[in-house]
């Protein structure tokens, strides 16, 4: 990859401390419980009963205000030349949650470019963790301005995904496409091009042929070791919006009551309900 000033954990933590001190960063306090569903591990989080609800409330989805057009300076970690910048997620439910946004407006439904995946690779290649993308509103995207996302730790299903796909293939009853990534891919200046070619191949596998124009809705997950793409047919399971993190094994609900409902139904069944049947 081309040399770009590192966005490492120390830099993320320093920016986080400053953003908390200025009240630009507004974490959502949550409780959580680990759940197994048909042999697959999940963590389900819900808003803590101790949380400051007005402070935790998120802005209206996709309204006229574009928070990525002129980002709050306190949330900005820096630019990734030539076309992206990295921000703290203003309303995180987990620490060190970053957004990789295009400097100029591009639609969230548009296909990912070499530049998009090169920018995400700076974070994944440099720090590990999980990169992910919600391809359109149906896939759980909360803003129409193109943004990829990154977290430093793998949620429980992502942490064991290759093994689960191999040993529990019968559980994944929805359409998906998976590719392993060799370590050498992260040591080349062409990482973005390699990842974009892999992504294009997975799109073609998942949808049966290369999509013309913008791809249908999907979620994309990326680690140093693999890329996984899951087509989507619905955003919601009941009243719960599911994005790419759901397929990584991390789900978020509004209350303990909704947690109980999701646990009873089984998280894997919620994923099946919003994915495209195989």
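Including glycine, each Cβ sits where the backbone N, Cα and C put it.
Per TrEMBL, the features are:
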DOMAIN    10-152  domain 'Ap4A phosphorylase 1/2 N-terminal'
ACT_SITE  147  active site, nucleophile
DOMAIN    172-277  domain 'ATP adenylyltransferase C-terminal'
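In sequence order, 68, 99, 100, 101, 102, 108, 141 are the residues near residue 147 (active site, nucleophile), counting only same-chain partners six or more apart with C-beta under 8 A. The secondary structure of residue 147 (active site, nucleophile), as reduced to three states from DSSP, is extended strand. In terms of DSSP secondary structure, the domain 'Ap4A phosphorylase 1/2 N-terminal' (10-152) contains 36 helix, 44 strand, 63 coil. For the domain 'Ap4A phosphorylase 1/2 N-terminal' (10-152), the predicted model reports an average pLDDT of 91.
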